[in-house]
Each structure stands twice: as structure tokens, then as C-alpha cells.
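Asks: Among the features that TrEMBL reports, domain 'ABC transmembrane type-1' is placed at A:138-354. As annotated by TrEMBL, region 'Disordered' applies to A:1-20. What TrEMBL records for A:41-62, A:142-165, A:185-207, A:227-248, A:285-307, A:338-357 is transmembrane segment.
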Amino acid sequence: MTADAPPVVVVDESQDSAPPPSGVRVWLSRHPLAAYAIRRVGLYFVELWGALTIAFFFFRLIPGDPIQTLIQTLQQNYMYNQQASTELIARYQQEFGLTGNLFSQYLKYMEKLVLHGDLGPSLINYPTPAQDVILRALPWTIGLLGISAVLAWIFGVILGAIAGWRRGKLGSAIATNLSIALSHVPYFFVALILVYIFAYSLGVLPARSAYDSNITPGLSLEFIGSVLKYGLLPGLSIVIIGTFSWILSTRMLMVPVLGEDYLVYAEAKGLKGWRILTRYALRNCYLPQITAFGISLGFIFNGNVLVEQLFNYPGLGTTLVTAIQQLDFNTILGVTNIAIFSVLTAVLLLDLLLPLLDPRVKYWK
Amino acid sequence: MNNVSESVLEINGLEVVYSTNRGDVKAVRGIDLDVRRGEILGIAGESGSGKSTLAVALLRLLKAPGKVTGGSVVFNPAGRSPVDLLKVHGEELRVLRWSSLSYLPQGSMSSLNPVMRVQDQFKDVILEHAPDRRNSLHEMIPRLLAQVGLEPRVAKMYPHELSGGMKQRVLMAIAVALEPDLVIADEPTTALDVTIQRVILQSLADLRTDFGVTLMVISHDMGVHAQLADRVAVMYEGELVEVGDVRQVFKDPRDPYTRQLIESIPKLGRRAS
Ligand SMILES: Nc1ncnc2c1ncn2[C@@H]1O[C@H](COP(=O)(O)OP(=O)(O)OP(=O)(O)O)[C@@H](O)[C@H]1O
Ligand SMILES: [Mg+2]
């Protein structure tokens, strides 16, 4: 009798509560992957908002008066009237979004950023907007660092897998020890060696700038060739060190997998070595490398400051250094925002991708 | 039937040593044993007596620090010339695997690749050794699964979605997929509970009836041999102390150690019920 009573109550309740939400809930429980994706994307926007907010307040709290700096620059450059009129200062404060209290400044900044993609004027390039300054540098950084990072990952994972696979053999030992030695050498050190060899001693490759200044930028073969030639040394220095560190980490992930029962079983099955390496060994250890790759891709949007400085490459790293030297807050904050955006987006895409790559990754909890 | 030898496997003076930093462990000390075509041969012996070592040495899966230090293992696959398993290498060995000599590993819980569907773990080995069966895969895999009492939908599942008994059965089905001459099964029932053990033993017996494979079944449990084997070989500290017809051995064990093993069965039976 008691067993009969509860179902009746349950039925009544479900009829009382509004049907549409339960309809949505039913749909979501039938599509766990979609429910997961919706929740994950929602979380992404919360994270994005939180990180952008923290960055905004963080930079506002740094001491230093950008307007004073700008006025000084203008005075020096154009021999301005000793006392800049209060009117002028007020206009600049308006333009840089420095009027009102901190909270209303924040609201105005977010409004301009979200609705118009506007970061405010850049101080060093006044009155060019900071987003224009950043967008000018962005393709160089993406081109140089993005391509280098992808190449380093591909080379590193393949070589690392082979090094793990052939552990105990001489070639593997050499590759591993070389990786241990080189993966923690700073990029710029390798860059200096490459410059010494190829630019200074042999004189075959250029070591400064992003392209030959005698060639007009455009979609010409000549220009593209020049970009590739000028990008070779900085790119190579990143690829070399990156490859070694990926070799090391892939090998480290690979070796424990090689002791697993399913590898012995694959061998007993008489499968070809290459197939065992890819389908059994690598397939079970490459996921952490995908995650790590996504995160590292996010970080390249900070620019690789030292390499870009060394090669005088017009990327985000160079822009950031110049902006910091001149207290160009809008540009600094803009570069930070791009880094935040790209790291979070990369992690989001990975989280959405991983359940599809590994059946053991549960997405419904 | 002229070139089909009566023995599938002729083991002569097999010796295996593990070289550890505490000295050499002689795990297999000069074993002579024939495996007859079509029989189920049980290998008995307590834990550590060298049963698995014998199996992986035959299968050429022995890993460092293990090393075969002597003997020969002549394998007579039907329709192929006899080979010494200890002397084949590389491609010749790889081609022999599974199509002639397959394996049901001990601790089979982790022998399936966690990121591949069950059907793909059938597919890769079948296509590797019998590429002409590509078009019959869709009927072959469900049939093999049915043979060990599994539903066709298991083919689409991943190992982590299977129970221990289901994994064991999947491995049994994969082991006979290419109708090998010899299947070496290492402790096929050990990790399973008693009810599943019976089902697995029955399926193993059925496999012999249905596929005519020769089975070498390793188990420390004499009860398994009593149920399943035609002949039983008893190992003790790396040596064979007794080989014979299973009924003969149970009725009149010649070696005191064998008697001890047999006496331990009723105890197991009582615990199970
Ligand atoms: N990798 C190894 N290194 C050193 N010694 C080993 C190694 N593997 C096994 N041995 C030793 O070889 C002997 C036989 O081991 P083996 O695994 O063949 O026994 P088993 O009969 O299969 O036992 P179980 O019933 O527990 O599976 C044991 O003394 C063991 O300690
Ligand atoms: Mg064993």
C-alpha cells in the first residue's frame, strides 16, 4: 500500500510544475553530449568575463599616469605650450576612459570592448586605436609562432613516440639525452647560435626584421618568399627547442604505456610494428599532448618576447615590450585580453573535442 | 593427412632464466612435452612454478630479464612446414602469430586496447593475417561473439563498458577468430567468480568441438583440469613432475606433489558453495 502511494504523488507533481522546463530537461538528458557542450560553453563565458574583469582592475591599480606621460611626450615632440590646458587633459581623459569612478570606467571599457571591439586609443601611436596596433602585429606573431609551434609539436610527438618505442636502442638514448640537455635551453640562446652560424659566419640568412624592406608588402611571390626567408631563423630557434621538449614529454608518456598488457597482446596478435606503435601505444598516450598543445597555442598570443626582440620581428611580443616601456595601458590590456581570450578558447575547444577522441572521457558529469 | 603430424608442439629441454640483480632465477628447467593435435592439455602447478613463463617462452613474448637458455620447440602448423619457434624471427614469426598460434593471456582484464571498440580489435588481427575476409567481417564478428555467448551489440562497445567475464569471452572469441592450430590459455578463469568460471570452461570446451583447435590451458586450479583437460602436465619449481591422462592422474597420482594439488580441490569446492 505504501508502495502505491508515492507514484501518485510524483505524477501529480510533474503535472503541477510547468511542462516546458521538464521538456527541456528531458531533451538534455537524451542528448548528454549537447547538455555537456551547453554547460561548457556557458562556463566559458563566465571564465572569460571573470578574467577580463580581473585584468582590467589589475592594470588600473598599477601606479603611473598615462595622460601625464602622453602630455610629456607631446611636449617633447611638438614643443607644446608649457602648460597644457586643463581642457586638453580633460579631453584625453575622456578619450582614454579615465573619467568617473573606477566602476563606471569598468562598465564603459567593457561596453566598448564587447559591443564594438574597441580597446581605446593607443598611447604610443596616438590617436590610432589599440586594437589596430595589435591587429597589425598579430598576423606576424600567429605566422611565426603559430607555424613554429605546430611544427615543433608534430616533430616532437613523432620523434618522441619513436624514441619511446625504441627505448634501449642507441638512437633512442641519444635522442633522449639530447632532449634532456636541450629542452631547457632558452630559445634566445639557440637563436643566438643560429644567428652566429647562418647570418654572421655564412651570411646566408637575414637576422633582423620580418621581410626585405625593399619589397613592397602584398600578395606577391617575391614578398612571401622574403617573409619565409626572414622567418626561418627565428622560427627555427623555436621549432628546435620546442621539438626537444615535446620529444621528452611524449617519450615520458609513451614508456609506461609500452609495459601495458594490451601491447603484449598486440604483439601476440602479430600486428605490424608501425600499427602497434600508432594504434595501441600512441593512441593511448597522446591525449595529454593534445591538451598541452592547445594550452601552448593559447600562450603564443603573448608573443615570444625575447625571440621577437632579438630578430626585431614586428609581432605582439615587440608591441607588448614597447607598450610597457611607455605605459601604454590600453595596448598592454589589449594584448592581455587577447591572451586570455585565446587560452580560454583553446581550452574550451579541447574540452569539447576530448570526449570525441577518447571513449573513456566522460562528458555527462 | 600425410603431412599433418600427430603433435602440434614438441618441446624439448626448454630452459628459461630470469637474470635479476639477486642472481639468476631458473623459472623453467628443461621441460620435455608434446602437445597432441586436437587435445586439451592442462598445465598445473602452484603459483610461481613457471607456468606463465613456459607460455610466454612458447609464444615468443618473453621480455627481459627473461631469456631462453636452451632447448627447442618444434611447431607443426597444419599445411605449413614445421618450424622451431625459438629460431623464427621478424616477419616469419609475425606471420605465424594468431593465424597458427594464438594466446589467451593471464590477467586478461587489461589486454584489450581501451580506446578501440571490440569490433576493431577483431578487425585489425583478421585483416592483418587474412585480408581476403574483409567482406565477411560483418557476419564473422557477431558469429564469433555468439560462439562465446555474447550478443552482437558487444561488438560496438569499448572495453571499459564490459564486465570481467565479458572481456574474457571477447578474448576467447578473438583467440579463435583465425582458427589457429594452437591456443595457449593462461589462467582463463582465475580472476572470475565461480559461476562465470563454469560458463567460461564450458565455452572453452565448445571451442574445441566447434573449431577443432588444440588448447593448452594453464591453471593452478586442479578443478579446472578435472573439468576440461584430456591430459594434464604438473609443474613444480620449473620442472615437469608428472604428465598423463587426466583420469589416470587423478585416480593414481605418481608424484606426492600432484597428490597435494588434487587434495586442495575439495576445499575450493566447499568455499565456493
Ligand atoms: N620478470 C621477472 N623477473 C624475475 N623473475 C621472474 C619474472 N617473471 C617471473 N619470474 C620468476 O619466475 C618464476 C615463475 O614465474 P611464473 O610467472 O612463470 O609463475 P606461474 O606459474 O605463472 O605463477 P602464477 O600461477 O602465479 O601465475 C617465479 O619464481 C617468478 O618469481
Ligand atoms: Mg602465471
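From the backbone N, Cα and C atoms, a Cβ is placed for every residue, glycine too.
Remember, TrEMBL labels are computer predictions, not curated facts.
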Asks: Go through the chain and flag residues at least 6 beyond the ends of the transmembrane segment (A:227-248) whose CB is under 8 A from any CB in it; none is fine as an answer.
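Replies: Those are 143-145, 147-149, 151-153, 155-157, 159-160, 163, 175-176, 178-180, 182-188, 190-191, 194-195, 198-199, 205-207, 209-212, 289, 304, 307-308, 310-311, 313, in sequence order.
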Asks: Given the transmembrane segment (A:41-62), which of the listed stretches A:142-165, A:285-307, A:338-357 has the most Cβ pairs that are under 8 Å apart from it?
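Replies: Highest pair count goes to A:338-357.
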Asks: To the transmembrane segment (A:142-165), which of A:185-207, A:285-307, A:338-357 is linked by the most Cβ pairs under 8 Å?
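Replies: Per the Cβ under 8 Å count, A:285-307.
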Asks: Near the transmembrane segment (A:185-207), which residues from the same chain, at least 6 beyond its ends, have a CB less than 8 A from one of its CBs?
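Replies: For the transmembrane segment (A:185-207), the nonlocal Cβ contacts are 229-230, 232-234, 236-238, 240-241, 304, 306-307, 310-311.
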Asks: Checking distant contacts: for the transmembrane segment (A:285-307), what same-chain residues at least six beyond its ends satisfy Cβ-Cβ under 8 A?
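Replies: Sequence-remote neighbours of the transmembrane segment (A:285-307) are 137-138, 141-142, 145-146, 149, 153, 157, 186-188, 191, 234, 237-238, 246, 249-250, 253-254, 256-257, 313, 315-321, 335, 338-339, 341-347, 349-350, 353-354, 357-358, 361.
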Asks: Under 8 Å between C-beta atoms and at least six residues away from its ends: which parts of the chain pack against the transmembrane segment (A:338-357)?
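Replies: Result: 33, 36-37, 40-41, 44, 47-48, 51-52, 55, 134, 138, 287, 290-291, 294-295, 297-299, 301-302, 316, 363.
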